[in-house]
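J.: Pulled the feature table from Swiss-Prot, pasting it below:
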type	residues	note
BINDING	His111, His115, Asp305	Fe cation binding site
BINDING	Leu134, Val135, Ser136, Gly137, Gly138, Asp167, Gly180, Asn277	substrate binding site
Amino acid sequence: MIILGFESSCDETGVAAVCTERGLLAHALHTQIAMHQEYGGVVPELASRDHIRRVVPLTRQVLAEAGLTLADVGAVAYTAGPGLAGALLVGASVAQALAWSRALPAIGIHHLEGHLLSPLLAEPRPEFPFVALLVSGGHTQLMRVDGVGRYELLGETLDDAAGEAFDKSAKLMGLGYPGGSALARLAEQGDASRYDLPRPMLHSGDLDFSFSGLKTAVLTRVKAATRDGGELGEQDRADLAAATQAAIVEVLAAKAIRALKQTGLRRLVVAGGVGANALLRAHLARALKPLRAEAYFPPLSLCTDNGAMIAFAAAERVKAGLADLREGDHAFTVRPRWDLADIQAG
């Protein structure tokens, strides 16, 4: 079966075609970074309008690249949540309209399940069970994954997500949008040892996270440097960026390793936008060697939000017998807030 997937939960418009037997056939992505840069963050109304402009051309592009027509499509999938309500409605509406016009089933997918399963698109493909570290701008969670739809929450952030800590710290330093990638680039030129920043909950003994204290520490350093008309120099900024990144990565890696030890598992899957961070990948590669454990990441092109992960998650649900393939009445809802535990397989 060929599934056409749509992602529009925030500021990326993604469309992809996935075959349940052959895997990813084609995907296309448009990012709205340039549009939101002047505002320093995502403007929901602008995001929704841009999704409307982009989704149909991207769909045509994917079908052409895959050598398909709509007659070849057996089902459509879309991000049903969580995310920005207006943005979610664009992708859901297009998917449901297409499904109605072709008498196809429409499959609503949890955005985080898309991220969670995206490393399975790469080779070598991790086998179940594994521990998953989901790290993005809005979420930081550790999950035990025993199969498609079989997820156990091990720990999560109690306040800011890791990606949010990157972005907010970058904003405090006066870096551009998107802040996380700007901070990571600047950190390459910095000396992380120059600033002693906290590692919140590093030794808490549990698998939860907290990054608000780190953000406050960064703010304190910035205020100290700019007091009495002073300024944060370029090298100061680079050093602070390096220290901030090092603190976040150390906490993420330590908690992930603790999760592996507590579960007795030896496979770690890392997904979400922060999963593209080079320091995190390198740190985990070193830290996992003594455990004889393996880390699995999605391709860099699929770390950000994308349609491929949505179509692929739908395909995995179809193969696991967890998708309703009956043609419905195409009434639908989106869920801006949606707990991953709500989609557990019975």
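Glycine too: its Cβ is placed from the backbone N, Cα and C atoms.
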J.: Within 10 Å of each Cβ, count the other Cβ atoms and name the one among the binding-site residues Leu134, Val135 with the highest count.
T.: Val135
J.: Work out how many Å separate Asn277 (substrate binding site) and His111 (Fe cation binding site) at their Cα atoms, rounded off.
T.: 20
J.: Tell me which of the binding-site residues His111, His115, Asp305 ends up closest to Asp167 (substrate binding site) in space, Cα to Cα.
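T.: Result: the closest of the binding-site residues to Asp167 (substrate binding site) is Asp305.
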J.: How many Å separate the two farthest-apart Cα atoms among the substrate-binding residues Leu134, Val135, Ser136, Gly137, Gly138, Asp167, Gly180, Asn277?
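T.: Greatest Cα separation within the listed binding residues comes to 17 Å.
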J.: Which state, by DSSP, holds His115 (Fe cation binding site): helix, strand or coil?
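T.: SS state of His115 (Fe cation binding site) = helix.
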J.: Given the binding-site residues Gly137, Gly138, and counting only Cβ atoms in the protein chains shown, which has the most within 10 Å of its Cβ?
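T.: Comparing the binding-site residues Gly137, Gly138, the most crowded Cβ belongs to Gly137.
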J.: Which site among His111, His115 has the most other CB atoms no more than 10 Å from its CB, taking these as binding-site residues?
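T.: Result for the most crowded candidate: His115.
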J.: Relative to the Cβ position of Gly180 (substrate binding site), how many further Cβ atoms are located within 10 Å?
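T.: Gly180 (substrate binding site): 26 neighbouring Cβ atoms within 10 Å.
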J.: Secondary structure at Asp167 (substrate binding site) (DSSP, helix/strand/coil)?
T.: helix
J.: Round to the nearest Å and give the CA-to-CA distance linking Gly138 (substrate binding site) with Asp305 (Fe cation binding site).
T.: 12
